[in-house]
Every structure is written in structure tokens, then in C-alpha cells.
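What TrEMBL records for 24-392 is domain 'Acyltransferase 3'. Residues or ranges marked as transmembrane segment by TrEMBL: 28-47, 70-94, 114-136, 156-178, 207-225, 271-290, 310-328, 349-367, 373-392.
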Amino acid sequence: MLRVPGAMVGSNTFPPPVIANRDRGLDALRGGGAFLVVVLHATIPYLHHPLQGLAWPARSSASSSLADGLFWWIESFIMPLFFCLSGYGCWHSLKNRSAVEFMRSRLKRLGRPFLAGCMIILPIEMYLWIGGWVLSGELPAVKLRSLKLTGDYAQLWGFSHLWYLQYLLLMSLPLALWKTQPWNSTPEGSSEAASVLSIPRKNPGTLKAMLCGLAFLGIVSLTLTWRPDVVTGFQHGFLPDPAKFAYSAEFFLLGITLAALGQPRFLDHPAVLGFSLLTAIAALTAVYQLTHAPQMLNFANETWTSPHRWLSGILLAATAFFWTLTCWMMATKLPPLPPLVSRLAKASFWIYLVHHPLIVALEIGAVRTSLPATIQFLLVAGVGFALSWWSYHAWIEGSLADRLLHGQSLRRSPDHFKSSGNREHTAQAA
């Protein structure tokens, strides 16, 4: 249980549920994650070395060390953290639901916003991106009419930041198929499945949990040794990238594991948190050096026997894993949080959807000023985040769009709110 969907705020007459400490912590992760994603996209024009393969419509003639450092820190773990949160929430959503009910819920919660974003946000982004390139002289103005793009500019043809929703929908299918298996159709099987799905469950022992963690880290390391550009490059499109999908699914499964088995008790020890944080910082420092080394640009030409390739894969995996683990452990230790954090968590899905074109529009204007690069970055990040958050509470909260965002019925019905409210206290999947 995490919280009542935001669509119910202002229209629900039932008393709010009691929210556990971990629920408040996960709200903090969602809200903080939304803020970090905005900062991530605000840094892109000011990097020392642009992300490989990324066509971005705003480039500053000067770079910012602050923006560059923040970019590589956030880029190293933010999507693993989100997929871990999504796996945790998706597993809770599956509890006490049939496969059909589960997929219907996923389509409402993810499919509707995905389709709305494709119809509204992506066309805006298309002309915004091309307009930025036209203003910088990279493309002729005729491209605004012909829309014929080649090379790196063709990266515009894809789902942009909405790839996250596409991946989540695809990852939900195996869970629905698992729910349809024969052992879930019998009373005995249903009872056993319910015991697996129940939270909390007997936590795995320390040694077993550590071995599982090492095995997970090894699998992620293999994925990133195969394709380090999943983290260090850009590869979005209309179809899922196999390596990126595998990398995302691994952390999605980590979230499912935490939901199904419970958090190992040894993770509650302060020394474990300290070790995880120090390891995350050390791995990130090494990754930063690697991503700024000249040989990183020729990485695609290296063979599987290259020590540099294996070192890069292991360090990238360690950075993602230990930062995700650190954030998760810190979230479970947080004291009661102010209402502002809950309001931010409530707006996080909207912020994710709308910040992308808004940030780019601000960047296109900012890079044409004489302000220092760091000041430009801070202004873009601050104004972009503030506008995204404010627009939710000013225009969206409690509206039809809010119910669409949170997978609720598009009709105001107290009976619906009552029934769905009891089922949707679980984690948000996006």
C-alpha cells in the first residue's frame, strides 16, 4: 500500500488510509525521481561530452561541470530505480486480481496516458525539435514542412520519453500469463499464490540474499558488457531495443522480488547502508572517468576479450545497482514526511509526461542568451520543474485528465471510488 490515487483527491468522501513508513519513503522516491528526471534533461545542452547518438535541439557553446556531473550521476541509476519501483507496484497490483483484471488495470493506468502522449505530446515535440535545429542552422526551414530527417536527426522518430510506458506495458504481459497458469486456477494453487503475493513474507536469510544480490549484479554486468551504450548512449525508437529492454526488465524483476519476498532484514543495518553508499560513490567516480576517456568513443569496436569492455560493464552495473539499493534503503528509513512530499508524488506522473517538451523549449531560449552555462542550466531546471509541478495542481488535479492519468473511471462515481480506492492503495507503476 502506498497511497490513494490523486484522482480521488477532492472527490473522495472516505477516510484516507493509514500510510506506512515505507509507503511514505516510496512516495519520496517517486517525487524525488521526478525532480531528478527534470534535472537530467535540463543538463543535456551543457555536457562536456554529448551523449552518443543523441540528437538534441539545444546545444550551448559552453559546458558546465555542475551540469555534466549531475547528468552522469542521474543517468547512471534513475531508470533502474524507476523500473524497480514499477516492479514493486506492479506485483502489488497483481494481488487479488485475475489476469484479465490486471491487464485491464495496466491498460488504463499505462495505456491511456501512453496513447494520449503519442497523440498530443509527440507531435508538439516533433516541431519543437525540428524548430530548434532550424534556429541553430543545422536544418533548413523546409524540414518543418517535409519532416524528412536522416542520420542522428532521425532519432526524433520514436516514442521519445514515452518509451518507459511502452516497456512497462510489455513487462506486464508475462505477469498476466503467470496468473493464468493452471496452479493459480485451483483453490490450493490460489492459496499458495496468495501466500507468495502476501506482504510481508518470511525474509530470505542474509547469506541467501547476498548470493542472490551478487547473481543479480552479475547478470546486469553481462548485459552492460554486451551493450554499455544502454547507459552511455541513446537508442530509443518505435520498437524496444533488446539490450535496453533486458536491462530495464532486470530491475523490474528486482522490484518484483522485493515485493514478493520482502526486504532482507540485514539491509536495515546502518553499516549496510553506509557500505552501499560508499560503493555507489566509488563506482560512479570510476564510471565518470571512463565516460570521459577517449577510448570510450571507440568502445563499439572492442571485442568481448577487451578488459576495458568488461571493466566498463561491471562498473556501470555496480553504479546502477548500488545507487538503486542505497535510495531504496534510505526510503525505508525516512521519518514522517511533510505533506509537500505527498503532493509532489501525486504530481510525479504528470511531471514525467509534460516536462520533456517544456524543458527543451526553455533550453532553446536559454542557449541564445549570454548567461553562464551553469546559470542557464539552473534556470531551465528550476523553471521547468516549477511549471510542471504547478500545472498539475493548477489545472489537472481532480479533473478528467487526472482520472485518466491514474487509471480511474472517466465518470465521477462514489461507488467506483470506494471500490477502486481499496485496490489502488498499492504502488504506482509509473
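Cβ atoms here come from the backbone N, Cα and C positions, even for glycine.
Automatic prediction, not curation, is the source of TrEMBL annotations.
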Practice item. Would you kindly list the residues that approach the transmembrane segment (271-290) from elsewhere in its chain, counting only those six or more residues past its ends and only Cβ-Cβ distances under 8 Å? Key: 69, 72-73, 76-77, 296, 311-312, 315-316, 318-319, 322-323, 325-326, 329-330, 333
Study note, to complete from the structure: In the same chain, residues at least 6 away from the ends of the transmembrane segment (310-328) whose Cβ sits under 8 Å of its Cβ atoms read 29, 76-77, 80-81, 84, 213, 216-217, 220-226, 228, 231-232, 251, 254, 258, 263, 267, 273, 276-277, 279-280, 283-284, 286-287, 290, 296, 299
Check your understanding: Residues sitting near the transmembrane segment (70-94): Cβ under 8 Å, six or more positions beyond its termini, same chain?
Key -> 1-2, 26, 29-30, 33, 36-37, 39-40, 43-44, 47, 51, 102, 105-106, 109, 164, 167-168, 171-172, 175, 179, 197, 199, 231, 247-249, 251-260, 280, 284, 287-288, 291, 316, 319-321, 323-324, 327-328, 426-430
Check your understanding: Average pLDDT across the domain 'Acyltransferase 3' (24-392)?
Key -> 89
Check your understanding: Any chance the transmembrane segment (114-136) and the transmembrane segment (207-225) are in contact, meaning at least three CB pairs closer than 8 A with a sequence separation of 6+?
Key -> no
Study note, to complete from the structure: Per the Cβ under 8 Å criterion, with at least 6 residues separating them from its ends, the transmembrane segment (28-47) contacts 54, 56, 58-60, 62-64, 67-68, 70-71, 74-75, 78, 81-82, 85, 327-328, 331, 334, 337, 341, 344-345, 347-348, 351-352, 355-356, 359-360, 362-363, 366-367, 373-374, 376-377, 380-381, 384-385, 388, 428
